[in-house]
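Have a look at the structure below before the remarks.
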Amino acid sequence: MTTPDSIRTVANRYGFMLQICCLQSPTTSYTLARPVHAHMIASGFQPRGHILNRLIDIYSKSSKLNYARYLFDEIPQPDIVARTTLIAAYSAAGDLKLSRKIFSDTPLRMRDSVFYNAMITAYSHNHDGHAAIELFCDMQRDNFRPDNYTFTSVLGALALVAEKEKHCQQLHCAVVKSGTGFVTSVLNALISSYVKCAASPSAQSSSLMAEARRLFDEMPNRDELSWTTIITGYVKNNDLDAAKEFLNGTSKKLGVAWNAMISGYAHRGLYLEAFEMFRKMIMSKIQLDEFTFTSVISVCANAGCFRLGKEMHAYFLKTVANPAPDVAMPVNNALITFYWKCGKVDIAREIFNKMPERDLVSWNIILSRYVNVGCMDEAKSFFNEMPEKNILSWIIMISGLAQTGFAEEALKFFNRMKLQGFDPCDYAFAGAIISCSVLGSLKHGRQLHAQVVRYGHESSLSAGNALITMYARCGVVDAAHCLFINMPCVDAVSWNAMIAALGQHGQGTQAIELFEEMLKEGILPDRISFLTVISACSHAGLVKEGRKYFDSMHNVYGVTPDEEHYARIIDLLCRAGKFSEAKEVMESMPFEPGAPIWEALLAGCRIHGNIDLGIEAAERLFELKPQHDGTYVLLSNMYAVAGQWNDMAKVRKLMRDRGVKKEPGCSWIEVENKVHSFLVGDANHPEVRQIYNYLEQLVLEMRKIGYVPDTKYVLHDVESDLKEHELSTHSEKLAVAYGFMKLPHGATVRVFKNLRICGDCHNAFKFMSKVVGREIVVRDGKRFHHFRDGKCSCGDYW
C-alpha cells in the first residue's frame, strides 16, 4: 500500500533525476529525460507540480513542443511556471501567435513580472519591437514592477524600432526611476538602443552617440559586451576613428569588435585598412571565427584581390581542420561570391557542388550571381532546381527580370510568389513596381501602390522610391512629387529619383530648386545626384547652371566626375550648339573619350546639322561600337536632312555590309488593361483601317489651324506626296490616334516609344492637343513630352 510518504519519496527521486537532466545540453537532456518519463508512465506514477514543469521545460528546450504542449494541456490548472516556460518555447520556435494566446489566456491574478518578461522577450527576439514596447506599457498599467530583465528585453525591442532621440530618452528615464541604472546588462541594452537609433536616417547621430558615450564612461562596471557595443556602435555610425580609439583603449580580446572594424573599413571602401586590421588581429592572437574569414574574403572580392583571396582560402583550410557546418557554410558562401566576382565561375560552382550542407544563402548567392551578370535563362533554370525558396529568392528573380528587360515576366513571377503563399515584402513590391515603370503600365502600378498600403509598407524607402520612379516614368510627375513630399522618411535615393523625374519631364528649374533644397537638408550629393541634375539642365537648356554643378562636383563636394558625367555635360553643351566648349571639355578629360562621349557629341551634331564634326564622332564610334545601330542611323539622318542622299546611301550600305540591323521604332499604349503596340506603317493591328481613317480626318482639322507636315523628317528621296503619307504612318501617331478613339472623353493619352520622337510627330501632337482638347503625354527613349493646348512642356528644346 502506497503512503503519502512513499509517494513523496518517489516524487523526490524523479525530481532529482530530472534536475540532473536539466543540467545537460538540450539534446542530452531530452535523451536522458525520455526513459525517466517512460518509467513514470509504466509505474503508474501521476506527476504533478514541479515535476511536470521540469518535463515541460526539458521538452521545450529540446524543441519537442508537441510533447511539452501535450503535458501542458493535461494539467487542469497550469501554474505560472508552466505558462512562462511554454511562452518562451513558442517564442524560440518563432510562433508568436501561440505565445500570445497563452499569455492572453492567463488571468491577471496569476501573472507576475517574470511572466511579462517572457512575453516581452518573445516579441523582442521575433523583431516585433512595437508590440514589446506596448506590452511593457501594459505591464506598468497593470501595476507590475519592471526589473532589470524587463528593461534589458524592452530596450532590445526599442533598438529595433527607435528612430528619434526622445524614444530612447523616455525609456532611459524609466530605467533611472526604477533604480536599475547601475545594472551592467541594462546599461549595455540602453547603449545599444542609443547607437542603433543614431543609425536611423531621421535621427541626430552625433547627440545620440554622445549620450551613448556618456553612459559608457559613467558605467560602474563594464564587461566585454559593453566594449563591443560601443565600438560596433561607432562603426555602424561611420565613425571609425572613434571606434579604433576605443579598441586600442582596451586590453580585452574582443573578436566581435575586431570583426566589426574590418567590416566597417570594407563598407567604406578602405580595403587596405581592413587588411591591416586583420593582420593586427592575427599578431594579437585574437581568435578568428567564421565572421572574420567571411569579412576578409568579402574584402578581397570587393577589392578584386584574387591572389590574396586565394591565400585566405588556403589559410582557412590550413588553420580550421574539420570545421563544423555552422562555420564552414558561411565561409564557403563567401568564397562562392569571391570566386564568382573574380570571374572564376567554375571554381565557385565547384565549391557549391562540394558543400556537404547548403543553406538558402548558398542557393541564393549562386542565383544572384547569375542575375547580376544578366544570365536570366540560367537563373530561371537554377531557380527551378532549388529545393526550397524564401522571399529573398523571389526578390532576386523579380528584380533581376525587371532590370534586364523582362518586365512582363517579372510581374508573372510576382504573382507566382503570392500564389505560393509568400506575402510580398517591400523589396518584392519594389521589383514589381519597377517592372510597371519599364512597361509604362500606370494602371497596374497604381494597383501595386494600393497593395503596398494594404500590406503596411507605405513607409518603406525601397517601395516609396520605386513608386516615385514608376509614376514619373508613366508620365504622372505630379503624383510622383506628391508621394515624395508625403513620404515619412526620405534618403539620397529618394531625392535623386525625384530630381531625375522632374528633369525627364522638362521641369529643369524645379529640378534645380529641389537639388538646392536637398543641400539645405544636409544631404550630400553623390555621383547619381550630379548625373540627374546635369541631365535636368540639359533637357531644359540651362547651360550656365549645368556647368556650375559640374564644376562643383570635385571642387566643392569631392566627387570625381566619371565618363557618364562628362557625357552629360557634353550633351548639355552640344544641345545648346556650344561645340567649341564641348571640345574643350573633351580635351581636358583625364582619360580618352569613350563611346558615351562621342554619342553625346554626335547627337548634338544631328540637332544643329554640324556634319563635319558629326562625321568625326561617327567614325570614332564605328571603331568603338561597330555593331551599334544608333551611330549609323544618326549619321544617315544627318545626311538625309542635308539632302546628301548619296552619302546617306553609303552609310546604309555600310550598315548592311556589316550586318547591323536598325531597331524598329515601336510605340505602345495601354487601353482597358491591354497593351496595344504599333510599328511604322503598321498593317497588323485589328483596327488599323479605322485608325488610318481617323488620322486622315484629324489631319484635315489640323491643317485648318496651320499644321503643315514637315517632310524634312522623311529620310528617303521620294516625291512630296509620298513623304506626307509616310509621315502619317509613324508609330507614335498611330498609338495616339488609337488612344483618342478608345479612351474616355477627356482622358489623358499616354504613349510610350522606344526611340526618340520624330520632329514632325512632335509638331503634329501640339496641333492634335489643340484640336481634340486633350493632353497627350509621350515618353520616348530620352525624355517626356506633355502636349497641352498646342504647346509642349519641352518648350521645343529637345
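Placed from the backbone N, Cα and C atoms, the Cβ positions cover glycine too.
What TrEMBL says about a protein is an automatic prediction, not a curated fact.
Quantities reported herein were computed from a predicted structural model and do not represent experimental measurements.
Residues or ranges marked as repeat 'PPR' in TrEMBL: 112-146, 254-288, 359-389, 390-424, 491-525, 562-596. Per TrEMBL, domain 'DYW' is recorded for 706-798.
Here the repeat 'PPR' (254-288) returns a mean pLDDT of 89 for the predicted model. Residues 329-330, 332-333, 336-337, 340, 345, 348-349, 352, 396-397, 399-401, 404, 406 of the same chain, all 6+ positions outside the repeat 'PPR' (359-389), place their C-beta atoms under 8 angstroms from a C-beta of that stretch. Same-chain residues lying 6+ beyond the ends of the repeat 'PPR' (491-525) with a Cβ under 8 Å from its Cβ atoms: 201, 461, 464-465, 468-469, 471-473, 477, 480-481, 484, 532-533, 535-537, 539-542, 545, 549, 557, 559, 783-786, 793-795, 798.
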